[in-house]
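Asker: Got a structure here, written out as C-alpha cells. Questions coming.
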Amino acid sequence: MEKTDNWLSKRSKERYGLVFLLGFAIMMITLIPLIIRGNGIFVYYGDYNAQQIPFYNLANDAVRGGQFGWNWYTDLGTGFISSYSFYLLGSPFFWLTVLLPRWAVTYSMPVLLAVKHGLATLTSYVYIRRFVRGKTTALTGALLYAFSGFQIYNIFFNHFHDVTAFFPLMLIAMEENINNHRKGVFAVTVALMAAINYYFFCGQVVFLILYYLFRMKCPDFHTSWKKFFGLCIEAIIGTAIAGIILVPSFFGVINNPRVDSKMYDTEILLYDDRVTILKVIQTFFMPSDPPAYPILFDTESKWTSIGGYFPLLGMLGVITFMRTHRKHWATRLSYCLIIFAFVPVLNSLFQAANSYYYARWFYMPILIFAMMTARTIDEEGINIKPAIIFSLVVLAAFIVQSLMPSKIIDDETVVLFSVPNDLGYFFITVAIALFSLLIAGYLFDMKKRGKPYEKAMLWTTAVFVIGLVCNTMYYGTFYKNGSDSNYDEHAINAADNVYENVSENNFFRIEISKGCDNYPMFWKLPNIRAFHSVVEPSIIEFYNSIDIKRGESSRPSISQYPLRALFSTKYYYREKKSNMKFASGVAEAVSSTERARIKNTELLMEKLGISDEDAIDPNMVNITEALPGFEYVSENEYYEIYENKLYIPMGIAYDKYISEDKASELEPLQREGALMKALVLSDEQIDRYSDILTESPVTADKEFEEEEYIELCKEKQEKASKSFRFDSYGFESEIELDKPQLVFFSVPYSSGWSAEVNGKPADIEKVDSGLMAVKAESGNNTIVFRYETPGLKYGFIISVSALAALVLYLLICRRFRGKEKEYGTAHTYDYVSQGDAIATEDFYDIVINDSSKASETEKATKEKAENKTSK
C-alpha cells in the first residue's frame with residue numbers, strides 16, 4: 001500500500017482546477033466580443049444559429065413540460081427522444097441548462113461552450129500526464145487538444161464538443177482498468193459516451209480496439225487474457241447502461257436512408273472527391289478552414305469537420321516524435337490511423353461503414369498527436385529542425401498550388417491566383433503557419449540552449465490559440481455572413497409578435513422564409529420547414545416519393561403549393577429583407593387567362609424568371625400569386641404574415657385512392673395534386689379497402705390546374721375534422737362522415753403509434769408513402785391516436801438490468817480479487833525529460849513497474865540528475 005499511497009500523494013499535487021480554468025478562460029476571452037455584439041447571446045453563423053440555439057430552447061421546453069413523446073414542433077412531427085438524442089438528450093451540459101431559469105438558457109450557451117473547452121483541457125491533461133513528465137508541457141499538450149483545428153472548426157457544431165470534452169476519460173479508464181485494476185470505471189465511462197452521442201460512440205469503439213491492439217505489447221501496459229475479458233464485460237455493461245438512449249435512437253435511425261448508404265467499386269479505396277486527401281493534409285499543416293468556406297481546395301466536403309491544426313506547433317511535435325521513436329506504440333498507431341484517414345472504406349468504419357464522407361473522428365488521433373507533441377517539447381535532446389523543414393516544404397507546395405492557372409468563364413481566359421476561394425484569407429492562414437514555425441523554432445532553440453522554456457511555450461501557445469479561434473470565428477461571422485446582432489429580436493423574441501398561437505385545441509402549421517427554418521421552435525409553432533438531420537424516416541420516405549430531396553432539411557419549394565393544404569398550413573411568415581419585392585403582396589394581378597397557361601412547376605418558374613427550382617426565393621415573388629389562397633393579413637418589424645384562406649384542418653376524409661405504381665408515373669406537381677384527390681395506397685391496402693374506396697381517375701397526361709386545387713381545398717374543408725386536440729403523447733379528432741372512409745392525418749408514420757376509433761382498436765395505415773390514415777365509420781367518430789416512443793420500455797429494462805449487472809460484477813471482482821500485483825502507477829514515462837526530471841525527489845512520479853525499460857529509465861534519469869547537480 002506504500003506505493004499506492006505515494007501515488008495518491010503525488011496525484012493530489014496536480015492543480016486540476018487551474019488546468020480547467022485556463023481552458024475555460026481562453027475560450028471566454030474569444031467569445032466575449034461576440035457575446036457583447038449579440039446583446040448577451042453568443043451569435044455565430046450557420047448551423048450554430050440555425051440549429052444549436054433553437055434546439056436547446058425547444059428541448060428545454062419539452063423537458064420542463066414533460067413532453068418526452070411526440071414533438072409537434074420539429075418538421076411534420078417526430079419522436080422527441082430518437083430525434084434529439086443525437087444532439088442533446090445524453091449530454092450532461094444540456095441537463096445543466098434544465099436547472100437554470102428558462103430565460104437564462106440561451107444566455108448560458110457560450111458559458112457552457114467555455115466549460116466544455118475547460119473540461120477538454122482538464123481530461124486531456126490527465127491523459128497526457130500519464131506519458132509526459134513535465135506538468136507544464138503536459139498542459140501545453142492539453143491546450144493543443146482542446147483548441148485544435150478540429151475543435152475550432154466544430155464550434156459550428158456545438159454539440160460535438162460534448163463528446164470531445166469527455167473522450168480522454170475513455171482512454172484513462174482503459175489504462176486504469178488494465179494497469180491499476182480499477183473495476184467499473186471503464187463501464188461507467190462507456191455508458192457516458194454512448195449516451196452523449198451514439199454516432200460518435202460507433203467511432204470510439206473502433207478507436208478503442210485499435211488503441212488496445214497497439215498498446216497490449218507495451219511493457220507499461222500490464223494486460224492479460226483475464227483483464228481483456230474483464231474489459232470486454234465492462235464495455236458490454238456500459239453500452240447496455242445507455243440502453244434507455246440507444247434503443248429508441250436505434251429505432252429512430254435504422255430506416256433512415258442516410259444510414260443505409262454503402263460503398264461500391266472504386267469508391268471503396270479511392271475518394272470520389274480527388275482533393276480529399278490533400279484537404280486532410282492541409283488542415284494539419286495550416287489553420288483549418290471555417291465551416292462551409294473551403295479556402296484552398298474547392299470541395300463538397302464543406303461540413304465534414306476536417307480540422308486538426310495545432311496552434312503554434314502544427315505538426316512539428318508529431319513529425320519529430322514519429323521520426324525519433326519509430327517503434328513506439330503511439331507512432332505505430334498514428335501510421336495506422338493515417339492510413340484509415342486516406343482509405344474511404346477504412347475511414348467509414350468510424351461511422352458505422354456509411355459511405356458519406358466525414359472526418360468527425362479526427363479528435364481521437366488528435367489526442368494522441370497532442371500527447372506526442374507534449375512529449376517532444378519535454379524530452380531532452382530532440383532535434384526539431386527536420387520537422388520544420390518538412391513543414392516548410394508542405395506549405396510551399398500549397399502556395400504553389402494556389403498559383404496554378406485556372407480557366408474561367410469562357411474556358412479561354414487563364415487567371416493566376418484563382419485556385420483559392422479567398423486569396424486574401426488563404427495568405428493570412430499561410431502567414432500564421434509560417435510565423436508559428438518561426439516562433440516555435442525560437443522556443444525550441446531556447447530549450448536547446450538550456451534556458452527555461454516550458455512556461456514560454458505554454459503561454460505562447462495560449463496566445464496563438466486565442467488568435468486562431470478569433471481568426472476563424474470572426475471571419476465566418478463578420479466577413480462571410482455579415483452582422484446578425486438582432487438575432488434575439490429576429491428569432492427569439494419574435495414569439496411576442498406571433499399572429500396566432502397554437503394551443504391544445506387549436507392546431508395548425510406555419511411556413512417561414514428560407515434561412516429562418518427553425519425559428520418557429522422559439523415561438524412554439526409547428527412548421528413545415530425544418531433544418532434537422534434526424535427525423536422520422538417516414539418523413540424522408542414521403543419527400544422522396546414526390547421527388548423532393550430530404551437530406552438534412554425539409555424545404556419544399558414555394559412552387560409546390562398543394563403541399564401547404566395537405567399539411568394544414570395556415571400562415572406564411574415572410575422575412576423582411578432590403579431586396580424584398582412585392583411587399584404586402586401588392587402587385588399587378590396576373591390575369592386568369594395568363595394564369596391558365598402556367599400549368600406546371602416548370603412554366604411557373606419560367607414566368608417568375610427562375611431557372612433552378614431550389615433558387616425560388618420568396619422575397620423575389622408575390623406570395624399571394626405563388627401560393628394560391630394566401631392573403632396578406634399583418635406584419636411586424638421582421639416579418640410579413642400571410643394567411644391561407646384555403647387552410648384545411650387536420651383530419652381529412654378520403655373516399656378515393658391511387659396505386660403506388662400509378663402515382664410514381666406522375667410528374668411532381670401532378671402527384672402533389674393527386675394527394676389532394678386521393679390516398680396513395682399499396683396493392684394490399686387497395687384490396688383491404690376496396691369496399692369503401694374507389695380509384696381516382698388521375699392520369700399522367702392531365703395537368704393539375706390551380707382552379708382544380710382551389711375546388712379540392714374547399715371540398716376537403718367540408719370533409720375535415722370538427723375538432724383536433726393534441727399533446728406529446730397523442731391526439732384526438734372528431735369527425736362526422738356520411739359513409740365509411742379513411743381519415744387522413746399529415747402526421748409521419750411510426751411504429752410507436754396506436755389508434756382507437758370510437759373506443760375500439762383500429763389499424764393504422766401508412767399512406768402517401770409515409771403519412772397516416774385510419775378507417776372511420778358513417779356518422780360521428782372519435783379518433784384517438786396514442787404515441788409511445790419505440791424501444792423506450794426495452795431500453796429502460798436493459799439500462800436497469802445493466803446497472804444491476806454492474807453492481808454484481810463489482811461485488812464479484814471484490815470478492816474474488818486475488819493478490820494481483822499492484823503497480824500503483826498514474827504515469828508511465830520511458831524517456832528523460834529536460835525539465836522536471838532534474839529534481840530527484842520527483843523521480844518516483846516517473847514509472848513504477850517491473851519492466852526492464854523502467855529500470856533503464858531510472859538509471860539514466862538518476863545519472864542525468866547527478867551530472868547536472870555536479871555542474
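Just so it is clear, glycine is given a Cβ too, placed from its N, Cα and C backbone atoms.
Any TrEMBL annotation is an automated prediction that lacks curation.
What TrEMBL records for this protein is below:
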TRANSMEM  16-36  transmembrane segment
TRANSMEM  136-156  transmembrane segment
TRANSMEM  184-214  transmembrane segment
TRANSMEM  235-254  transmembrane segment
TRANSMEM  303-321  transmembrane segment
TRANSMEM  333-350  transmembrane segment
TRANSMEM  356-374  transmembrane segment
TRANSMEM  386-404  transmembrane segment
TRANSMEM  424-444  transmembrane segment
TRANSMEM  456-476  transmembrane segment
TRANSMEM  794-812  transmembrane segment
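Looking at the shown structure, what environment does each listed feature sit in?
Answerer: Within its own chain, the transmembrane segment (235-254) is flanked in space by residues 79, 81-83, 85-86, 89-90, 186-192, 194-195, 198, 208, 534, 536-537, 751, 789-792, 794-799, 801-803, 805-806, 809, which lie at least six positions past its ends and keep a Cβ under 8 Å from the stretch.
Outside the transmembrane segment (303-321), and at least 6 residues removed from its termini, the chain residues within Cβ reach (under 8 Å) are 47, 143-144, 147-154, 156-157, 160, 279-280, 283-289, 291-292, 328, 330-331, 334, 357-360, 362, 366, 369-370, 372-377, 382-384, 386-388, 390-391, 433, 436-437, 439-440, 460-461, 464-465, 467-468.
Distant neighbours of the transmembrane segment (333-350): 202-203, 206-207, 210-211, 214, 263, 267-271, 277, 280, 318, 322, 357, 359-362, 364-365, 368-369, 372; these residues of the same chain sit at least 6 beyond its ends, with a Cβ under 8 Å from one of its Cβ atoms.
Residues 278, 281-282, 285-286, 296, 314-317, 319-320, 323, 416-417, 419-420, 423, 426, 430, 433-434, 437, 440-441 of the same chain lie 6 or more positions beyond the ends of the transmembrane segment (386-404) yet place their CB under 8 Å from a CB of it.
When Cβ-Cβ distances below 8 Å are used as the criterion, the transmembrane segment (456-476) is approached by residues 22, 26-27, 29-30, 34, 44-46, 136-137, 139-140, 143-144, 147, 149, 152-153, 155-156, 287-288, 290-293, 309, 311-313, 377, 425, 428-429, 432, 436, 439, 443, 446 of the same chain, each at least six residues removed from its ends.
Distant neighbours of the transmembrane segment (794-812): 183-184, 187-188, 191, 233-234, 237-238, 240-248; these residues of the same chain sit at least 6 beyond its ends, with a Cβ under 8 Å from one of its Cβ atoms.
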Asker: Who are the long-range neighbours of the transmembrane segment (184-214) in its own chain, taking Cβ under 8 Å and residues 6 or more past its ends?
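Answerer: Apart from its flanks, the transmembrane segment (184-214) reaches 85-86, 90-92, 159-160, 162-163, 166-167, 169-174, 176-177, 223, 228, 231, 234-235, 237-239, 241-242, 245-246, 249-250, 329, 332-333, 336-337, 349-352, 360-361, 364, 802, 806, 809-810, 813.
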Asker: Six or more residues out from either end of the transmembrane segment (356-374), which same-chain residues have a Cβ under 8 Å from its Cβ atoms?
Answerer: 124, 127-128, 131-132, 134, 137-138, 140-142, 144-145, 148, 150-151, 160, 163-164, 167-168, 171, 199-200, 203-204, 206-207, 258, 261, 271, 273, 276, 280, 301, 304-308, 310, 313, 315-318, 321-322, 330-331, 333-334, 337, 341, 344, 347, 350
Asker: Mind checking which residues of the chain, 6+ beyond the ends of the transmembrane segment (424-444), have their Cβ under 8 Å from one of its Cβ atoms?
Answerer: 285-287, 295-296, 309, 311-314, 316, 382, 384, 388, 391-392, 395, 398-399, 402, 453, 456-457, 460, 464, 467-468, 471, 475, 479
